[in-house]
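As structure tokens, the structure follows; a few thoughts come after it.
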Amino acid sequence: MATVPKSNMGPTKAVPTPFGCIGCKLPKPDYPPALIIFMFCAMVITVVVDLIGNSMVILAVTKNKKLRNSGNIFVASLSVADMLVAIYPYPLMLYAMSVGGWDLSQLQCQMVGLVTGLSVVGSIFNITAIAINRYCYICHSLQYKRIFSLRNTCIYLVVTWVMTVLAVLPNMYIGTIEYDPRTYTCIFNYVNNPAFTVTIVCIHFVLPLIIVGYCYTKIWIKVLAARDPAGQNPDNQFAEVRNFLTMFVIFLLFAVCWCPVNVLTVLVAVIPKEMAGKIPNWLYLAAYCIAYFNSCLNAIIYGILNESFRREYWTIFHAMRHPILFISHLISDIRETWETRALTRARVRARDQVREQERARACVAVEGTPRNVRNVLLPGDASAPHSDRASVRPKPQTRSTSVYRKPASIHHKSISGHPKSASVYPKPASSVHCKPASVHFKPASVHFKGDSVYFKGDTVHYRAASKLVTSHRISAGPSTSHPTSMAGYIKSGTSHPATTTVDYLEPATTSHSVLTAVDLPEVSASHCLEMTSTGHLRADISASVLPSVPFELAATPPDTTAIPIASGDYRKVVLIDDDSDDSDCSDEMAV
């Protein structure tokens, strides 16, 4: 603080307070009355424009959907920082100018200094955040949405204000806040601590200026390099340049307005004896008034250079002429905002539910299939025991290879013509050992009618060592309206006769093809099954589900015959039981 002669010291209108006599002996400013009146009017205009303009900026960002982005969130935060000085310090400054000094308490002086520091430091930090946001938007556009998402932007905003508070609080203990009659306000006095003064100025002013200058330099280089590219919309390019220029002008105005105050502060702190008497009082007053005037310039710059802000300003001015309409529109906008957020959350929940349902439906086929069906071993399966891939060459199927077991009610006719039902239950696949190496089948164009097929044969002997004959689908006859998947298992007996002769099956009707030798599969069994020449078989396939618990066959053991079935779409092996009364063998089959 500059020293003044004793003759300039005199009593003021200050009165004693509980915090001490503030301003009992202060230097009288040597300003002419006209200058004081001019400064008073300028500060009144500054306060009014500051409050109205920054309020309109906040309303514009809140109401206009085009202005609701991460960059303008920092613009609204900058407006809040500018409004702080217009709410508390500037009115007290006007009061001090009107009464000719400070006659308020020391606590109010401390609060004025604290709020002023928060406003100034908050403004420069928000300008730095705006510059970084513009830099990421133009120079790193691919990562912009990830870096400045809504959640991240809110975090950056909180961090900005936390850094502002941490930067100002040390001044409350290290630097002393005193009333300066040259500026009619309470400021930080760093005369007794020059090192701390230089550090504060570098952190609060110089370092942010370097960061902002670097960001805008890179942005300008990027804009010049991308001028008039092929396929670029000129309107969009012009809008980006205007937006960049708006933020750059805001930065320049802040630097120009606050640079004189910071320079004077550093000079007085470093060389107080030389500079104290050389700096006139009016220069201090002009420097601080220019700095204070910066708080109302930002809203004006937005309205001049940004078309979206300008349109919103006109809307707000029109609404101010009709307060009821303005309040109604404001309530409607708030309701629409909440409804939009609720709808967004509902859409997110619905999308998550649809994804969960799709995942559940994707696994329902496997989860709903019995384990004994899912573990059916097909010929050529690599996990089958004792398998020989070389001997099994099944033809690739055009349909799904998964086996779905359909129920089959097989009615057998005896020689006398009376039907005798044979109940067939499937056995678990774990009790049957299959050896696909001995099963050979070749598809043939043999058509088979379920209830009118007659077989002629004298002695047909089969030899099998506990084989699994699997079929995927059969082509149904007149009594069946859809193809059915079946799997047959032959459980070996105790006798092991050798193979004698094999008679080829010939259909009795002339409407069916005759099976040739290459069409018959060779199935070896460990017991002898004989089929009479007069056996009449009729197959009736139903659509009910097969029971999973095995049950016994009829009293008379059946003859098991392996018949290859081949149609235009399905080529499978089907096991058919012929219940003959004179058979001596007992067998269990799982279909």
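Placed from the backbone N, Cα and C atoms, the Cβ positions cover glycine too.
Looking up C186 in Swiss-Prot gives a disulphide bond whose other cysteine, out of C109, C259, C289, is C109. Topologically, per Swiss-Prot, D30 is found on the same side of the membrane as G101. A Cβ distance under 8 Å defines the sequence-distant neighbours of the transmembrane segment (39-59), meaning residues of its chain 6+ beyond its ends; these are 31, 75-76, 79-80, 82-83, 85-87, 90-91, 93-94, 97-98, 285, 289, 292-293, 295-296, 298-300, 302, 309, 312-313, 316. Stretch with the most C-beta contacts under 8 angstroms to the transmembrane segment (248-268), considering only 73-93, 152-172, 197-217, 282-302: 282-302. Between the transmembrane segment (152-172) and the transmembrane segment (73-93), the number of CB pairs under 8 angstroms, six or more residues apart, is three or more, so the stretches are in contact.
For C109 (disulfide bond), the count of additional Cβ atoms within 10 Å of its Cβ stands at 21 [all protein chains shown]. For the recorded site, C109 (disulfide bond), the DSSP three-state label reads helix. Listed by sequence, the residues of this chain that lie at least six past the ends of the transmembrane segment (197-217) yet keep a Cβ under 8 A from its Cβ atoms are 120-121, 124-125, 127-128, 131-132, 134-135, 167, 171, 175, 190, 244, 247-248, 251, 255, 258, 262, 265-266, 269-270. With a 10 A radius on its CB, C186 (disulfide bond) counts 27 other CB atoms from all the protein chains.
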